[in-house]
Amino acid sequence: MTDPVNGFKELVLASHNAGKLKELQAMLGDAVRVRSIGEFSQVEPEETGLSFVENAILKARNAARISGLPALADDSGLAVDYLGGAPGIYSARYADGKGDAANNAKLLDALKDVPDAQRGAQFVCALALVRHADDPLPILCEGLWHGSILHEARGEHGFGYDPLFWVPESGCSSAELPAEQKNRLSHRARAMALFKQRLGL
Ligand SMILES: O=c1nc[nH]c2c1ncn2[C@H]1C[C@H](O)[C@@H](COP(=O)(O)OP(=O)(O)OP(=O)(O)O)O1
Ligand SMILES: [Mg+2]
């Protein structure tokens, strides 16, 4: 059935990241039928924007173009205070595309002698929904999650930088949080709550 308010019944999630897809799907629940961009293409668009929002829009437009469906994209990353906000929009490519383990190792090295008081960081998430590839008014929602960077990896859940991200309100790393808890607290959860509100989901 077509949603009477928003005019769509299906949504393509414009992410090639399995960890993200799982979280976004869990947060959307059965509010809309969700497809994944992997069903349509394995080619990842180049993230050429200078902001999370620009990259989210770019990924959403690309997915809408390829799938012919409304598309929701997530551009996210970790902004570390001591590093002036790096790796930021370059978080996925921090260690030149060598993957999560290499990214985490590089971050630990960059903060090697930095004391706890200067290890503050935030996860950032920008969500963009386009109803079609040329949508002139994408729906944009953002979320932040404040924490700090640990001295070594802890925990097995989640993905990306989760093992290095200390969550003060929970007293553990974000990789030690069960999925349900991370999905209530995270930058992505905050952005998604706004998004659902905005769409009346
Ligand atoms: O909750 C999170 N927990 C841990 N790490 C996270 C989280 N959220 C983003 N991150 C990290 C992973 C990656 O290093 C970068 C996102 O990069 P980003 O380009 O948005 O995603 P991606 O390339 O993995 O997949 P895609 O662009 O297809 O959605 O930030
Ligand atoms: Mg990416």
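Glycine is no exception: its Cβ is also placed from the backbone N, Cα and C atoms.
Remember, TrEMBL labels are computer predictions, not curated facts.
These numbers come from a predicted model, not from an experiment.
Look at TrEMBL and you will find SER15, HIS16, ASN17, ALA18, GLY19, LYS20, SER76, PHE159, GLY160, TYR161, ASP162, LYS182, HIS187, ARG188 tagged as substrate binding site. What TrEMBL lists as Mg(2+) binding site is GLU46, ASP75. Marked as active site, proton acceptor by TrEMBL: ASP75.
Sequence features annotated in TrEMBL and their locations in the structure.
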| residue | record | CB count, 10 Å |
| --- | --- | --- |
| SER15 | substrate binding site | 22 |
| ASN17 | substrate binding site | 17 |
| GLY19 | substrate binding site | 15 |
| GLU46 | Mg(2+) binding site | 10 |
| ASP75 | Mg(2+) binding site | 26 |
| SER76 | substrate binding site | 26 |
| GLY160 | substrate binding site | 22 |
| ASP162 | substrate binding site | 25 |
| HIS187 | substrate binding site | 23 |
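Only ASN17, SER76, GLY160, ASP162, of the binding-site residues ASN17, GLY19, SER76, GLY160, ASP162, place a Cβ under 6 Å from an atom of ligand 1. Taking every pair among SER15, HIS16, ASN17, ALA18, GLY19, LYS20, SER76, PHE159, GLY160, TYR161, ASP162, LYS182, HIS187, ARG188, the residues listed as contacting substrate, the largest Cα to Cα separation comes to 20 Å.
Cα spacing between SER15 (substrate binding site) and ASP75 (Mg(2+) binding site): 9 Å, rounded to the nearest whole number.
SER76 (substrate binding site) falls within a strand segment according to DSSP. If you measure from the Cα atom of GLY160 (substrate binding site) to that of ASP75 (Mg(2+) binding site), you get 13 Å.
The separation of GLU46 (Mg(2+) binding site) from GLY19 (substrate binding site), Cα to Cα, is 20 Å. GLY19 (substrate binding site) carries a helical DSSP state (H, G or I). The two recorded residues HIS187 (substrate binding site) and ASP75 (Mg(2+) binding site) have their Cα atoms spaced 11 Å from each other.
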